[in-house]
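> Sharing a structure below in structure tokens format, with a few things to ask.
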Amino acid sequence: MGKRWQAERKRDHYYRSAKKENYRSRASYKLLQLNNKYKLIKKGDRVLDLGAAPGGWSQVALDKVGEEGLVVAVDLQRIKGFPAENFRAIRGDFTDPEVKDKIIRELGGRADVVISDAAPSLSGIRDIDHLRSVDLVENVLDIAYRVLDRKGNILIKAFQGPELDRVIKELRKDFWKLKTTKPASSRKASAEMYIVGRDFKGKEKWERIIH
């Protein structure tokens with residue numbers, strides 16, 4: 001990263017707040033803001049966090065679920081653990097069938113909430129990055145539909161564009177409440193937005209839009 005990016009990050013309010021309040025990343029505030037608004041995670045929930053490194057969202061989720069709940073975090077990178085017995089970290093590719101099976105074992109079957117702040121490797125070319133983002137969203141949905149309990153919730157990062165609109169159109173059929181939003185802590189220049197799905201109807205499989 002360049003010196004200009006580093007300087008801008010240090011001036012960023014949420015970056016400084018994360019350091020002060022001991023959050024692992026500024027992204028923690030996105031989940032805090034969205035959960036405060038939509039009440040996605042509650043005490044006792046089983047939460048699956050996909051693309052979780054460095055653990056900013058898992059950190060917030062652990063606080064919300066309390067000792068009665070469970071957070072399972074998955075990423076290709078190592079996720080440093082938390083001093084909590086109800087946290088499980090899995091290092092691996094969540095599209096891998098063996099990793100999916102391990103996720104289900106750690107969850108004990110089902111999840112109440114599936115969250116993902118994952119982003120694809122970016123090329124700088126908007127159309128390509130949009131397609132990569134939608135592919136990642138669909139990979140998240142592949143496992144979310146497999147593990148999400150009826151009445152469960154999802155929160156997934158995505159980049160705006162026409163292919164995402166097609167995905168959202170299908171999601172509206174499978175959740176009683178579905179919308180897209182952008183929290184205050186998202187950078188203004190970012191094309192990111194978040195899919196908020198509440199009250200899952202219980203469909204067993206996601207049918208991919210992009211093949």
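From the backbone N, Cα and C atoms, a Cβ is placed for every residue, glycine too.
The active site, proton acceptor annotation in Swiss-Prot covers LYS157, and the record cites sequence analysis as its basis. Per Swiss-Prot, the feature S-adenosyl-L-methionine binding site maps to GLY55, TRP57, ASP75, ASP93, ASP117; the stated evidence is sequence analysis.
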> Any idea what the Cα distance is from the residue listed as 'active site, proton acceptor' over to ASP117 (S-adenosyl-L-methionine binding site), rounded to a whole Å?
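Here the two Cα atoms lie 5 Å apart.
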> Would you find the one among the recorded positions GLY55, LYS157 whose Cβ has the most company, meaning other Cβ atoms within 10 Å?
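Output for this query is GLY55.
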> Given the binding-site residues ASP75, ASP93, and counting only Cβ atoms in the protein chains shown, which has the most within 10 Å of its Cβ?
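Compared across ASP75, ASP93, the most Cβ atoms within 10 Å surround ASP75.
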> How far apart, in Å, are the two Cα atoms that lie farthest from each other among GLY55, TRP57, ASP75, ASP93, ASP117, the residues recorded as binding S-adenosyl-L-methionine?
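So the binding residues stretch over 18 Å, Cα to Cα.
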> Using a 10 Å cut-off, grab the number of neighbouring Cβ atoms around the Cβ of ASP117 (S-adenosyl-L-methionine binding site), all chains included.
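Around the Cβ of ASP117 (S-adenosyl-L-methionine binding site), 21 other Cβ atoms lie within 10 Å.
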